[in-house]
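Only one structure is covered here, and it is reproduced in the block below.
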Amino acid sequence: MLTTTKVFFLLLTTWITWYAIVNPQSRAAPTLETIASLDLNNPTTYLSFITNIRTKVADKTEQCTIQKISKTFTQRYSYIDLIVSSTQKITLAIDMADLYVLGYSDIANNKGRAFFFKDVTEAVANNFFPGATGTNRIKLTFTGSYGDLEKNGGLRKDNPLGIFRLENSIVNIYGKAGDVKKQAKFFLLAIQMVSEAARFKYISDKIPSEKYEEVTVDEYMTALENNWAKLSTAVYNSKPSTTTATKCQLATSPVTISPWIFKTVEEIKLVMGLLKSS
């Protein structure tokens, strides 16, 4: 026969289990590392910010003398901070395995708030931003694909990249009611100036170090952004070589992603910051 104490603990355990099922956000989220922070008032630190990101996600070994994203992480998810001031900071939710941005957090009405792309599952979202709870955890109506972002925020070529542009996009959304167009514009800038810049030296080198300067996203940049996997695969599939600087030779040459034509691994290395994990 169950004692009163045993009955109590049985009921308590049952309630805790039920509560965790119907309130998944109540489960403790892991403590995630902030792998890099960018102070938008100090734009000269931008390239070191990008270098820090590459260092955090890079494998210990290289492929054809090119850094590559690691296959394994102690923690797969992390944060990256974009700082406007002591009272305005956007924190990006990052998947370390590919540097995908999954969402962001800010403060609204003195409470933590988080937005996630439409295609981010609840199981993944629950790893991030434990300070944002209940109705302050919001699923966006669009995904993180460039197709969705450009549909809602304008074409990449019409959204120049620059430190002030990024700062202004944060000011436009921080603590304010969700606005699809403004949020999509923010993501277009943040994804290209953080994730794509870490993936491609060509892009990171294009971002001006002066706060009020900007660069138009041209067809060379979008071609790289749309073909990271293709270029990475070409490097992984290359053959050993004793005559090239990278010790590698493309198995199939050239690799064409219009308007780019890459005839050697060395040419790919010139634009690449990180290879996609194999």
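Cβ coordinates come from backbone N, Cα and C, glycine included.
Straight from Swiss-Prot, the features:
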type     : residues : note
ACT_SITE : E196     : active site
DISULFID : C64-C248 : disulfide bond
SIGNAL   : 1-28     : signal peptide
For C248 (disulfide bond), the three-state DSSP class is strand
Cα-Cα, E196 (active site) versus C64 (disulfide bond), nearest Å, comes out at 21
Here the 10 Å Cβ neighbour count for E196 (active site) comes out at 23
Within 10 angstroms of the C-beta of C248 (disulfide bond), the count of other C-beta atoms across all shown chains comes to 23
Cβ-Cβ distance under 8 Å, sequence separation of 6 or more, same chain as C64 (disulfide bond); the residues meeting this, in order, are V235, S238, T246, K247, C248, V265, K269
